[in-house]
Amino acid sequence: MASSSKHGGGEVAGGPKMRKAPSRKFTHTSTTLDVQPEDDATTPPDSELVPSSLNSIVPILRVANEIESLNARVAYLCRFHAFEMAHNLDPKSDKRGVRQFKTYLLHRLEKDEVEVKPQLAKNDAKEIQKFYQYYYRNFIKEGPAKSKPEEMTKHYQIASVLYDVLKTLVPPDKVDDETNRYAREVERKKGHFTPYNILPLHLSGGASAIMELPEIRAAVSALRNVDNLPWSRQQPSTSSQPEADGILVFDDGESSVHDLLDWLGLHFGFQKGNVDNQREHLVLLLANIDIKEKVLEEYFLLDAKTVQSLKEKVFKNYTSWCKYLQRKSNIRPFLHGSMHQRNLSDAQSQQLDLLYIGLYFLIWGEASNVRFMPECLCYIFHHMADELYGTIFGNVESASGGVFEPAYKGERSFLRDIVTPIYNVMLKEVQRSKSSTLSHSRWRNYDDLNEYFWSKDCFDKLGWPMDTRADFFADSVSIHPKIDDKFSADSEAIHQKTENDQSLRGKRKPKTNFVEIRTFWHLFRSFDRMWTFFILAFQAMLIVAWSPSGSVTALFDPDVFRTALDIMLSWKSWGSMQYSQIFRYLLKFAVATGWIIILPVSYSSSAQNPTGLVKFFSNWAGDWRSQYLYSYAIVIYMLPNLLAAMLFMLPRLRRIIERSNSNPRLYVGRGMHEGMFSLLKYTLFWILLLISKLAFSYYVEINPLVEPTKTIMDLGAGTYEWHEFFPYLQHNIGVVITIWAPIVLVYFMDTQIWYAIFSTIFGGIHGAFSHLGEIRTLGMLRSRFESVPSAFTDRLMPSSKKELKGNQEEIERGNIAKFSHIWNAFINSLRDEDLISNKEKDLLLVPYSSGNIAVVQWPPFLLASKIPIALDMAKDFKRTGQGELIKKIKYDNYMFSAIIECYETLRDILNNLLNDMEDRKIISQICSEVESSIDNNSFLESFQMSELLQLSNKLEKLLNLLKLEYEGIESYKTQIINVLQDIMEIITQDVMTNGRGIYVKPSGVANEDERKQMFTNLRLELTENRSWREKVVRLHLLLTVKESAINVPINLDARRRITFFANSLFMKLPKTPKVRNMFSFSVLTPFYKEEVLYSDEELKKENEDGISIIFYLQKIYPDEWRNFLERTNNETDENSKNHMDDLRHWVSYRGQTLSRTVRGMMYYRQALQLQCYLDMVEDRAIFRDPWTLSLEQHNDDQKNLLARSYAIADMKFTYVYGMQKKSHEAKDRSCYTNIHNLMLKFPSLRVAYIDEIEEIVGGKPQKIYYSVLVKGTDKHDEEIYRIKLPGKPTDIGEGKPENQNHAIIFTRGEALQTIDMNQDNYLEEAFKIRNTLEEFGYKHGPTILGLREHIFTGSVSSLAWFMSNQETSFVTIGQRILANPLKVRFHYGHPDIFDRIFHLTRGGISKASKTINLSEDIFAGFNSTLRGGNVTHREYIQVGKGRDVGMNQISLFEAKVSNGNGEQTLSRDVYRLGRRFDFYRMLSFYFTTVGFYFSSMITVLTVYVFLYGRLYLVMSGLERSILEDPRIQQNSKPLENALASQSVFQLGLLLVLPMVMEVGLEKGFRTAIGEFILMQLQLAPVFFTFQLGTKAHYYGRTILHGGAKYRATGRGFVVFHAKFADNYRMYSRSHFVKGLELLILLVVYEVYGYSYRSSTLYLFVTFSMWFLVASWLFAPFVFNPSGFDWQKTVDDWTDWKKWMGNRGGIGIPIDSSWESWWESEHEHLKHTSIRGRVLEIILALRFLIFQYGIVYHLNIAHHSKSVLVYGLSWLVMLTVLAALKMVSMGRRRFGTDFQLMFRILKGLLFLGFVSVMTVLFIVCGLTISDVFAALLGFMPTGWFLLLIGQACRPLFKKMGFWDSIKELGRAYEYVMGLLIFVPIVVLSWFPFVSEFQTRLLFNQAFSRGLQISMILAGKTDSGVNMPQLTSGK
């Protein structure tokens, strides 16, 4: 080691340099995606093990690994240098993992020091120099001639690192001249060999195909026009010298300008990675836009319209913002008044436009989290554009008179001085929120900060350069004084400066424009027009029903209520409002208050002489002066509404008015109105719906209840059976309210039911007119297949004039030839996915060319069995029946085609096979005889039809032999000859009546020996020819497939895909452009910790039942498993082990894994490559398959076409998936290995990740974050771009949108498809993507285009089937009706396609504020709509999607969505949409978003209101007195109907309606009805009713208390038994507590009313509620696999007892201790507001009514109605609680040390209890029934005390009662658990129950051959092996 360390002094100079942020050298460091070669995968290379704090040494270690085989000693020197650097970077080894790594590296160095010796010289200094020279000469100098550009890039990187190591080891004066000369040469040229993404813009050597495209060259040329740009004015004019190629290099030798973006980067301080990234981004955008309308093959200049159109689109939001703020746009193409500017050339004008566009993209690309704030970006661009213009045209600053310079300049100045301060503001606000537990009203989110820039004040207060003392940056340090250590040095310095400014202490910018307060009143505030309408309609109907001829009293004006709410809910944001806005609120309130006074007063004066409507208008026309004041008031009051109605009918005028900037209230939400036709459609929809709803409400709900209500009001006061505090209430008001309250709730809720009905009807009609389901079976496909090729040509091929010429036959053959390429690629993909077998593939393929065949060659599955049938038919015909035979054959077109094809194909095969000319003549003679006999009508006379079967058998044998591989066919040559001779003999002697003359030769008839020599000279090498073999295989199929192929393919998924693809060809698609002229697009997938590819261990790992994943999938997909074995030739278990990689992929492609998603999305590239080739290829070449040939088999033209098609595919499609975080843990290495393998398999795949490294800044370690883009290379990933971030992005917002936001800068194109990790794609659908993207080219094209989804997880279980059907109905018929006619479709997740430019300039593709944007996807739709976008939906293309398959998974998903909808209800987006939509569109918006969840909650609330009303009536005695009254008994039916009317919604039937319609549409209504009945038998209503409880619970709790959070559902194969404790934890509060409460209500209602009420009435009224209770209590166990298995029940009981008994504490997980779970379950109450606590207490008061009512019905009460009875009951309650407290305290104090005392205490308490009970029974008249009744009364009271304790937790902790509350809670949990567990135990006793449940759960799986009972029972016989599993049964 001494030889190396003696030059350690050189390390000092190099040390600091290596501490800089990683530069774009080799690897660009820090990624742990590196992988090993397969042969050494067990020991990762040392570069893999580097801790994040030592990332700067990774390039050196990688170089060491690369050159190890060339020179081990130099590799050792590199490692030693890396070790020294590591020691300098962290001398104390105190950072994570450093000590272990240094120890590992030191041990390796010690070993290599001894074993590895110099090879080229005597010492290390000379050794490394000689090796450097050797490496240069062999790999750098001679490299370009023999290496690819990518390899040269690696060589230059290695040479650079080697020279850096060399400089530290060798003193400068010892380095020889040759080495220095080589190093300078490397330094000069390495810039031309940097890693690239898509475009090798700097690559030297031969140009790649993509750089040869004229559109790319033109775009690059335009950007490289740097003429006339000014350079830095701080240096003399001679400070920069242009090189020969036009590149300008400054004196520092580093800052070089190749193009406009380089100039912008240097001038404004953008990062190099950002400049490089946006350069490629802009080049691709310009090229793709430019080529769209061009037909020229070669051109050199961009079209002027290209830059102009891109400029208009990019700056549309900016110009709108400038107009809104009445500011002049800073995009100024000319300097006014300058003659020089007036004479600018087009090139200079284009240059300026490109500078503006490039500047915006550079700002956007480096803005990090600020990208979510589009108007903030506009503000930044506004000032920087002004600086740009001033710099270019030499403006002089008015203040100083100096030269115009940017406000921020220098390296990374944009990030440091602009982005980081704004980021710090966001970070401080998030810290203020205390992990989003603080109320939304107390901290600013993204929207608040962005809306700061909606005011002109931002220019005055913030200024430019930005004033850090402005209120925008102000923060109250008293609230959050602690600074997170995650700040960078710059961030910390800025924050410190802010803290030190005393003038800012205690000040903070308030909320902007809107405050999100947790209250249900938001629903009224946002949708006040709807509630007003329903309230007024209800009043009107009630008045009409009550007194049809009576007068109408003045109605309460709801405007007062609404405007008051506006004031109350917005007061916290008044600090940021303009005074005019505040004045507007107050004025509205004053006007509304005035109306509420004027209308009643004026009406009272006119009521003495009431007038009808007709009389009113006639009197008005006659004498207006004599009208009452009320008449004038009504007219004046109605004028604004009449004006609004007029504007409603003129949407264009309304849009113009709203978009004018005459004092607009908000920047967004203006001019969102649709066209007249759209308006009429959704208006008609809602008018019909409202008429139906109101008619139903009137005739079924309101009118029948009026007469019973009148009767009840006339009864007088009833007889009370308890102490009534208000015994003299008039008209039985309490009873009336009790009866009407649930009816009123149903009235407000049942519009949701009507929406479900109408959307089903309209959606079905719309789907039918869209041609959905026209081809839904294979039979339908067979009947229409003849028209499929022409439909394909019309829909999916670009039209050309050439195609219109030629005869019909040529056109049809051309159509089929084009169709065959696409169809066969589709079929081959089905085979690759193992959905079909080899035989099925052969049956489905279409020949690429018909060759010499006279008929169209249809796929064999259409022609199957036609030949055997024809043979059978022909043998029965006599000699005179030729005409009849031909007629019969021609009747079946497919049979006729099959016969002609067989004949001509056999002729061609034999002619090609025979080498001897004489043999071919015989074949020609036979064919001539056949054809002449047909022409002469003598075919049946010349040929014996009965012998054709014998001939067919021989032909089958011959074809079987010819199908053999060429390598082994020689051994079968004799057999082939014999069979061929037999065939010829059969033809000539048996089939032909005069065939012997065939063998006549010039010398006479051939003798026997001569005949044996015939047909022996064969060309068997033809079996190597692929097309010839395909002919043989096809002929074999036609002859041998005797059964009908109607069931081909067998696989259901393959059938679905084939029929949908064929059906979509008959739907309306946009016109097809050529691939080169299509829209470019990207796909973006966010990735966190999901599964990438299942490992060997995961495949074999068995669960608790002994079932492995591979075993499970073999049973689920038996046909696909057989196809997999056939494809991989795995016939035995041993072979399968040798192909584990294939097996891992097979399993992963059936799960919800990243590998499945990536494979699916990369089909886009495959499809584009093939389509591009077909676009470019000549007509004659269409008749061959380019993809089946090897590269050597192509000629040069074909190679060029293929290369060009790949290049165009790269230009049009990019796939990026973003990783939210990158772990350095060893356990995650296999994950990154799999990811790297994906990048190698799909070279165009890119990975963007957030890199976290530690750097020493100011002597302190700081965490620095980067956005990094990498691509795959052979051994490790290669870094392309690295962009420093201001901080950790996910610290600010929600994880998924922040992940998308950091990766979106690496996407390309005009459109962006967002794809989730649980999605899939199909090749046949990818062929339609270019049509789909054309939607964006329409005049009013979409900004978000929704696509249809197929849920591929529906076959696992009944639950998965329910969820699949529910989701399918939403993504098809649901979104279809949302898009048209309702126009309220938003973004509901993926796979929507975004207008990328529109959204990147308007805040991105999602919103990311913590908590409020939990459902981040839908907010993208809200944002798009508010900003004038158009969201629509198309169903001619589909994408696969996985869904949750287990009960708990589904419930977690529903909880997450309900949480998200709760937060949406509070959001400004919902408020603005609700207020800005017109009335009918607002109704659509409400009932399809938050209204659905509110209606679900109202449904549950209706049950509560109804039952508590019944409880009041039955316990008070009023129900008895009313029902026993004769007047009520005569009119009880309407009352009963009204009471039962609310039960429909609970059954979940209405949620099934859209499913039935969609299944009927696409599969047939017979299938739909069958599936509907099956769903009912499988307890679908139980499932939907249970999920209703989930929605209601989480939606309501989120609005009241918050607590919304992302809930990971998991995406594995979840069909396993969930333990009772797991189910209890998940559903205790959401279902079990509520279910038991309703159960007690039902029991009490029955017990105390049975004596006077019929059981029929009770069941009629409460049936749906009993159903709901049973569903809520037992659905998790009914749908739990093996839920009633005895052994599992016993195990569950043991586990639950252990969980209940375990103590909690810090760090104890909730699944280990009841206490930990109990604490976490009430976490939301810790952070709720005072309002939430008060409301929780008020709601808890309902439990007291049980005790109050029951104690008066006890026998011991002796019918007393005194209030003392209730007081005594509380005394009993408190005594019991005191006794329990004494026992608890005694156990704690005496249980251990004073056992005797504790026993005595318990004994005394027991004796006291017995004594008291004895006295009560004997003296006071207590009965056994009283004891049980008291339990029913006191148990709810105890729960009330528990709820109060939880709500007032701080108070009870101070009082010392918290432990008692906790123990009381534990006791209740025990009781609830036992009540639920006992029925499960009872049912588990009976084995048939478990079997029935299994059948119920897995009926769908049974139909696919799944032995689920075996799987669930874990009966994997040890003798079962792979071959046995392949049976599939």
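Note that Cβ sites are derived from N, Cα and C of the backbone, with glycine treated the same way.
Unlike curated entries, TrEMBL annotations are predicted automatically.
Per TrEMBL, the features are:
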COMPBIAS  17-27  compositional bias 'Basic residues'
DOMAIN    351-467  domain '1,3-beta-glucan synthase component FKS1-like'
REGION    1-49  region 'Disordered'
TRANSMEM  530-547  transmembrane segment
TRANSMEM  585-603  transmembrane segment
TRANSMEM  629-650  transmembrane segment
TRANSMEM  679-700  transmembrane segment
TRANSMEM  728-749  transmembrane segment
TRANSMEM  1485-1507  transmembrane segment
TRANSMEM  1657-1679  transmembrane segment
TRANSMEM  1734-1751  transmembrane segment
TRANSMEM  1763-1783  transmembrane segment
TRANSMEM  1804-1824  transmembrane segment
TRANSMEM  1830-1848  transmembrane segment
TRANSMEM  1868-1888  transmembrane segment
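The transmembrane segment (1830-1848) makes contact with the transmembrane segment (1734-1751), as judged by at least three Cβ pairs under 8 Å among residues 6 or more apart in sequence. Sequence-distant contacts of the transmembrane segment (1485-1507), counting only residues of its own chain at least 6 positions beyond either end whose CB sits under 8 Å from a CB of the stretch, comprise 523, 527, 530, 741-742, 745-746, 748-749, 751-752, 755, 1378, 1382, 1384, 1386, 1418, 1458, 1461-1462, 1464-1465, 1470, 1473-1474, 1477, 1539, 1542, 1545-1546, 1588-1589, 1591-1592, 1595-1596, 1634, 1638, 1641-1642, 1645, 1665, 1668. The listed stretches are 530-547, 679-700, 1657-1679, 1734-1751, 1763-1783; of these, 1657-1679 has the most Cβ pairs under 8 Å to the transmembrane segment (1868-1888). Note on the transmembrane segment (530-547): residues 523-524, 555, 558, 562, 694, 697-698, 702-703, 706, 710, 744, 747-748, 751, 1479, 1482-1483, 1486 of its chain, located 6 or more positions outside it, place their CB under 8 angstroms from a CB of the stretch. Residue counts for the domain '1,3-beta-glucan synthase component FKS1-like' (351-467) under DSSP, helix first, then strand, then coil, are 78 helix, 2 strand, 37 coil.
If you average pLDDT over the domain '1,3-beta-glucan synthase component FKS1-like' (351-467) in this model, you get 86.
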